[in-house]
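Listed in TrEMBL:
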BINDING   Gly9, Gly10, Asp11, Gly12, Ala13, Gly14, Lys15, Ser16  ATP binding site
DOMAIN    7-192  domain 'Thymidylate kinase-like'
Amino acid sequence: MGMFISFEGGDGAGKSTQVEKLATWLREAGYGVVVTREPGGTELGAHIRHLLLHGGDVSPRAEALLYAADRAHHMDTKIRPALERGEIVITDRFMDSSIAYQGAARSLGKNEIRDLSLWAVEGTMPDVTFLLDIPVETGQARVGSEQDRLEAAGAEFHARVRNEFLALAEDHMDRWRVLDGTQTIDSIAQSIRHHVAEALAKNDSVHQTMSEAGGTLNA
């Protein structure tokens, strides 16, 4: 099996930027890397993403079920096949976002959303999850005025999201790495590279891929 890395955080945290920087670094070292996102990591997911973020009014339960449908298809058709090939999968959001946004901020129940998501992915979880933590007001300023349906949900909603991410990280410290998202892009990227290099050193199947390619990891 390969390695599964997820990035979490509030809107405007800089996840997409760090996903791309990490992918570039790993590819330069000879790894096979698949970059994806939720929602929208597949053709079906792109349609679901449009419904969720730009489709007008969606009830909280329908929202949660649409995310779960996207996640199940995403896992079956893109994530799991890449992991079985020994590649590194990096996703911009995964099931922890559903727990924070729908479970906590939408008050649908954190355990219920967790169980729904685990069923959708048949228990497959990231090896490492990076939380880019920023104050709500910082995220809103970065997003600006052109906001999708969730970005426009308001400061109180996003405060609940942030608090739940931090709680998840505290409860699962073996998997989560919390980074200050207000640092410079390069500083954050260096911290991420350090943690990923440590994780890869413990993963024989992925490390062998790098060895065959002759690549090296220089954080």
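Keep in mind that glycine also has a Cβ here, set from the backbone N, Cα and C atoms.
This view paints the features noted in TrEMBL onto the structure.
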| residue | record | Cβ contacts under 8 Å, 6 or more apart |
| --- | --- | --- |
| Gly9 | ATP binding site | Lys15, Leu131, Leu132, Asp133, Ile134, Phe165, Gly181 |
| Gly10 | ATP binding site | Asp133, Ile134, Val136, Gly139, His158, Val161, Arg162, Phe165 |
| Gly12 | ATP binding site | Ile134, Thr138, Gly139, Gln140, Ala141, Arg142, Val143 |
| Ala13 | ATP binding site | Leu132, Asp133, Ile134, Gly139, Gly181 |
| Gly14 | ATP binding site | Leu132, Ile134, Arg142, Gly181, Ile185, Ile188 |
| Ser16 | ATP binding site | Arg37, Asp92 |
Next on the checklist: Quick check: which same-chain residues outside Gly9, Gly10, Asp11, Gly12, Ala13, Gly14, Lys15, Ser16 lie with their CB within 8 A of the centre of the ATP site CB atoms?
Outcome noted: Leu132, Ile134, Gly139, Arg142, Gly181
Next on the checklist: Give the mean pLDDT for the domain 'Thymidylate kinase-like' (7-192) on the 0 to 100 scale.
Outcome noted: 93
Checklist entry - Where does Ser16 (ATP binding site) sit in DSSP terms: helix, strand, or coil? => result helix
Checklist outcome for this item: Out of the binding-site residues Asp11, Lys15, the residue with the smallest number of other Cβ atoms within 10 Å is Asp11
